[in-house]
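Trainee: Let me give you the structure first, and then I'll get to my questions.
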């Protein structure tokens, strides 16, 4: 299907020659089928969004609710058959359990009646008279709404309508705004029943909501670190590289040591009543092991590659010169970041609504419970796929746009007269022709992540039921899928850059890039890989220090927060932010070498076919070749000396 907006940029031909590199000469719509499929997928996401808004009740999760269907802190609509529902709880913002010291779970329901109260009792109440006095003085009624406070001591049914005595002192905690008992014996039982027995999704969401201020602060911290890394790479020098690597080494050692120290502290301060502390300790052990492995690997690589630092500085100077032709490329991550944040906020709001979607059902005593709606679990998985696919699509669009701007400047004969507005030109090319290619590439990344997510889900579901062989197989499968994802991401980036150069579809671009890069000099490849490694170290620095800050912040609320998932989300966010900002340098580096390979493929440096590259880049390439030629000669000379050496008899 021919795109109506297809046009020629510098050629009068109607069709491109097959398998010939012709930079900037032809454009047509690519992978249009995938654009249509993505539209259908987002139609499904919009249906889930509308369904969650209609059937969900986020307020019940954020603010807490009582046993009669009322959301605390809000005006409520009545539920048919529940006489105590539909009350105005604007001034009653706290959730109070009438039997907080003797909580039990029966048929997946708490045995205690739950009320919305104006304030939690700060002191122990031993008699009904004290409960009545507390209500009169504070306007906080701790008995069922149908019982007036003046009848607390007179009604014969007060024992069943009022809290079980004595009422322990409690304090509001930002976990559904619950009144948490403060006496040790009540606190232990309350936490073990209330936290260990609720649905895992609600535990995760409650951890996110209770630590939302911390999570927000860590996200801002990750953003600041990413900006600092971007400035460092923009004005890089040999001294800055040495300081940067020294900071990485010290940071890895420090973070790894603190993680193991915190794990040791947890093992000697663990409450066996709380699953949350056990889960937090397991998460801490996982972070400690992963950080140790990463530290050993990175320190080994830094030691092996330390002699290439000078060439790396020159490489980044070449990259920065390429960026200087389009300086607004450095601001592109801000737009990507803003779009990602907007999408993630939207995604989280829909997730919260889905987590509370349920049909109200009146049970004995006029109480109300909510039954999960059919198909909600499947909607969660569909929603998760939407998160991964759309996030990867946004990053793919950024890559194509940055590569397109660089390609426009690179394949310009007159270096003294750069093209006008290359970023806007690249953006227009992306939206007019190559959205389908970005969608197809991002879908491939999503496909590799889905099995990994399923493996994680199965592994957590079968925790404690698996043998050593099954655990080993599961870990190997997870590792293989992770390695496949990394290779596929690099494969996609080369395909995106080739699409920006040649205007071909995803598969054709990927094949052409693979064939072209296989011809490239191994010396240039090693320099490029070391440049990518330095950029990766910047991402590691952002993630490590963000996770370390999260550990320090979440460690203050050990008991009532499952902060394993919130911390993983913070790490995921930190990596995405670092990827969004530092990927500009990574994209420019990879695109620059791919353009160089295309330049060598199509030109020979003669007057008839001069190279597109500027003199500084050409000098850098020649310098690399000279350095490697000297090393090769030295290795050959050493080999000949070894072959010519003979054992002489001792006289």
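Using N, Cα and C of the backbone, Cβ positions are placed for all residues, glycine too.
Because the structure is a prediction, the values reported are computed rather than measured.
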Trainee: Among 503-528, 529-554, 581-606, indicate the range for which TrEMBL gives the feature transmembrane segment.
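Mentor: From TrEMBL, the annotated transmembrane segment range turns out to be 529-554.
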Trainee: Of the residue ranges 380-411, 412-443, 444-475, which one carries the transmembrane segment annotation in TrEMBL?
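Mentor: Transmembrane segment, as annotated by TrEMBL, spans 380-411.
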Trainee: For which of the residue intervals 560-578, 617-635 does TrEMBL record transmembrane segment?
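Mentor: Among 560-578, 617-635, the range TrEMBL annotates as transmembrane segment is 560-578.
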Trainee: Under an 8 Å Cβ to Cβ limit, what residues of the same chain, 6 or more beyond the ends of the transmembrane segment (334-360), are close to it?
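Mentor: For the transmembrane segment (334-360), the list is 48-49, 51-53, 55-58, 60-62, 69, 79, 82, 201-202, 205, 223, 368-373, 376, 379-380, 383, 386-387, 390-391, 394-395, 398, 573, 576-577, 580-581.
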Trainee: With pairs fewer than 6 apart in sequence excluded, do the transmembrane segment (215-236) and the transmembrane segment (529-554) have three or more C-beta pairs that lie under 8 Å?
Mentor: yes
Trainee: Going along the chain, which residues at least six beyond the ends of the transmembrane segment (284-305) come within the CB cut-off of under 8 Å?
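Mentor: Sequence-distant neighbours of the transmembrane segment (284-305): 245, 248-249, 252-253, 255-256, 259-260, 262-263, 266, 530, 533, 537, 540, 544, 547, 551, 567.
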Trainee: Short question: which residues 6 or more past the ends of the transmembrane segment (34-54) have a Cβ under 8 Å from it?
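Mentor: Residues packing against the transmembrane segment (34-54) from afar: 350, 353-354, 357, 379, 382-383, 386, 389-390, 393, 435-437, 439-440, 443.
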Trainee: Looking only at residues six or more beyond either end of the transmembrane segment (243-264), which have a C-beta under 8 A from one in the stretch?
Mentor: 232, 281, 284-285, 287-288, 291-292, 294-295, 298-299, 302, 309, 534, 537-538, 540-541, 544-545, 547-548, 551, 555
